Amino acid sequence: MLNVNFTNGELLNTQGLVVFIDEQLKLDSNLITLDQQHHGLISKTIADKLQFTGKYGQIKVIPSVIKSGEIKYLIIAGLGTEEKLTEAKVEELGGKILQYATSAKISTISLKIINRISRFTSQTFASLVASGAFLASYRFDKYRTNLKEAEKFAVESIEVFTDNNTEAAKLFEVKKLVAEAVFFTRDISNEPSNIKTPQVYAERIVDILEPLGVDVDIIGEREMKNLGMGALLGVGQGSQNESKLVVMEYKGGSKYPTIALVGKGVIFDTGGISLKPSSNMHLMRYDMGGSAAVVGSMIAVAGQKLPVNIVGVVGLVENMLSGNAQRPGDVVTTMSGQTVEVLNTDAEGRLVLADAVWYAQEKFKPKCLIDVATLTGAITVALGSTYAGCFSNNDELASKLIKAGEEVNEKLWRMPLHDEYDAMIGSDIADMANISNIPRAAGSCIAAHFIKRFIKDGVDWAHLDIAGVANSNKVSSLGPKGAVGYGVRLLEKFIKEYNR
């Protein structure tokens, strides 16, 4: 794991020294002194706009001209224009720096925060850059047995020079804790589905949350049957691995209302008898991304001992083919007593959520409930990989979630709810169907309305459809290909601000 230290003294044992310059390309007195120590290397570089313009995210790695000492490279990072610099952008810049250092095989780097950036205190800026680098250091290569030496290389340590190193270290410790929660979310999402069976996944939740003071209860199929969870059980009945409902409760402040987080945990989704195409079916190991975001959020909240009351409920199932699999046309009775005609077995996530959200409301009486799910391909068609979809029955709740997402660059786009969508899930033989009676119309909105049927009056509810953002087929500033860990930082930020 990347080692991060903060100092206000001399930088020691570093191979790469990083400085930050904006588009004005002006050196303050501190940078002028540093430039002189490096024989004008900084001023010469920024004088040539073909080499460096100060544009945000631009990274220039230059061999050092100093023959003595450890420093082999000078790294100049562009800040862009200061008025456009946000906390999220500073974090992403930290990630870019780490990735450039990794490519250049620089094992130790030092970040020198010596020029004044009026939008941030030096300690805030320092902690944000370090946080971004830490997030970008994540790897999932545990099953690679033939890694080349170049692929094994990783930056070992980052030293951050700032005038208030003690406060910067305190700020970073919180960000590091949240990043480690993101790493759990990425890890469990990236795991192959033959490894993370519902039982194994449930046990990992217990192992990580109980030491943090979270009560965890694993509910098996017999108890779920007694509770009347016909929708969730129907999804998993084709699998030889037993479905689980994992219930997590964190009590941090008795005076605060309970927030419920509910996650879809489809460990692997073949589509069932409504079989998916085989070309990208392997990616369905990520179909439990909503549940992973919920667990990661619980880790982040409990790890900080925040004064809030949070419950997490995740339904862990496999949607598999077998002689016992659910059939199109089956009717299931949900825990709420409402019946559902299953017209498409590949619209299974909403069935899992129907029972999970009802259970959360029945047991914990939350004021606010947020469900998170890789629910529909339609949301990816609508929003791509830039935004997740946000549906809500409460404008204030939606606004708070969207604001939290903007602050950590996990963006949400408000999507519509309308009675006409609700009318499209009618059934001739049950209370509702699990898909629209108008093919290919408003798929993500229909799915949201299905879940809304199971939200009780008076509960502030939001549904986050993260199907387009939960995993990525390209490297980002804050992580490699694969699971993104989307939702953990968003929900942690939202929960911190909810009662303010």
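The count begins at 1 with the first shown residue.
A Cβ is built for glycine as well, from the same backbone N, Cα and C atoms used for every other residue.
Positions annotated as active site by Swiss-Prot, on the basis of sequence analysis: LYS276 (among others). Note: LYS276 (active site) has non-local neighbours ASP269, THR270, MET284, ASP346, i.e. same-chain residues 6+ apart with C-beta under 8 A of its own C-beta.
Sequence-distant neighbours of ARG350 (active site) (same chain, six or more apart, CB under 8 Å from its CB) are ALA373, LEU375, ASN434, ALA447, PHE450, ILE451, listed in sequence order. What Swiss-Prot records for ARG350 (among others) is active site.
Counting every protein chain shown, the number of other Cβ atoms lying within 10 Å of the Cβ of ASP287 (Mn(2+) 2 binding site) is 27. Sequence annotations record features per position, and here Swiss-Prot assigns Mn(2+) 2 binding site to LYS264, ASP269, ASP287, GLU348.
According to DSSP, ASP269 (Mn(2+) 2 binding site) sits within a strand segment. Per Swiss-Prot, the feature Mn(2+) 1 binding site maps to ASP269, ASP346, GLU348; the stated evidence is sequence analysis.
Ranking the binding-site residues LYS264, ASP269, ASP346, GLU348 by C-beta neighbours within 10 Å puts LYS264 at the top.
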